[in-house]
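Read the structure below first, then the notes.
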Amino acid sequence: MAMAPSPPCIHIFFASILLLSNFHLGFSSSSSTLQENHSNGSYSGQINSNSVLVALLDSHYTELAELVEKALLLQTLEDAVGKHNITIFAPRNEALERDLDPEFKRFLLEPGNLKSLQTLLLYHIVPNRINLSHNSSLHHHSTLCRDRIKLGSQSGEKLIDSAKIIQVNAVERPDGVIHGIERLLIPRSVQQDFNNRRSLQSISAVKPEGAPEVDPRTQRLKKPAPPAKPGSAPVLPIYDAMAPGPSLAPAPAPGPGGPHHHFNGERQVKDFIETLLLYGGYNEMADILVNLTSLATEMGRLVSEGYVLTVLAPNDEAMAKLTTDQLSEPGAPEQIIYYHVIPEYQTEESMYNAVRRFGKISYDTLRLPHKVLAQEADGSVKFGHAENSAYLFDPDIYTDGRISVQGIDGVLFPLEEKEKSDTKTEMKSVKVAAKPQRRGKLLEVACRMLGTFGQDSHFTTCQ
């Protein structure tokens, strides 16, 4: 007759049951199968499907079971069940999920604080059976962590330490009993470890500072600039952070990026330029930013320092109307682009709502001190003045919270510059028209004088 196979290891058996419970694979069916095996005699050992430890997994206190597994206490509890009838005071799941201090919970789950977590969990387990239905007087009981807990009553309610017992004999098994309590019990030693760790973190958070600087004008110590929180607006205005010239790198601007750059502005600028190319119809604008100027790099560094920008991008049809004279002057491409960049984050919706409510809005541009005028027209936003105007043609080509690109159908120029240009053209045309008129009057007077002396026949001009 063949011998029955040897039973599996108790520890592996219990760990497998915990694993099944964590992944919600139908613990009830597994438990019934294990009960059948136990009744048939195919399994012999201290832990079986009717154990209080197995029942803990299938109860309303599963959060405690997960903490037991994370604290590596499975073998300890198996040994305790094998030697004693145990009592578990189990906090309800809500007390561990929502009511527990998040900072204290992080402290318990840190790998370096495993000993504190084990002490806290063992503090909830007494190595003998406590039947609360027959025992309501004041008693002290030793726990598995060797600390003592106080069992008593107040106003007809049973208490364990200062926590109320909300469910007496919630689970009863031959090797133990589970009582539900309202909150987690914290031993004094664990509370002390948490307080010590929190105080150490507070003093270790002090960052070293450099030597104090002396202001050469006042001969007094300079006051350090207030720290900027990540995501907050930069300390300096955007004009102070811009490069003084198109060929120079922008000045460093203190902001949330700092030297480590929380925001990768250059990556974002590259993304919006690629979007212009893929969108179609804005190749000239992208070409000026990348090849004709160094503005793409400058904009990237500004965004890295936490600044936000709105780009009014003229389409290719509008850029084709620019003359060679307008682009050939030194710094002209930069000045044109600067006038199309607003140091704010605006979308098509925000600008349209603004002009609908207020009629006309003047937005600052990177070309100081000129501003660009926006107003509602034909259900859209119109920028500029009179003939020198452009409509918001392609809304929200690119929006990422830092850079907003709005397509327009014209190239914008400041009003003062346009008036000066028109005045020069008029003066030039007046001078050209006046010269022949003045020259004709002089010839007429000269010929009249020559005719008086009878000499006008010698000059073909007078004839």
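Positions of Cβ are set from backbone N, Cα and C atoms, glycine also.
Since the structure is predicted, the reported quantities are computational estimates derived from the model, not experimental observations.
Record note: among 201-239, 396-434, 201-239 is the stretch given as region 'Disordered' by TrEMBL. The feature region 'Disordered', as given by TrEMBL for the ranges 26-45, 246-265, sits at 246-265. The DSSP breakdown of the domain 'FAS1' (48-185), given as helix, strand and coil counts, is 50 helix, 40 strand, 48 coil. For the domain 'FAS1' (269-412), the mean pLDDT of the prediction comes to 89.
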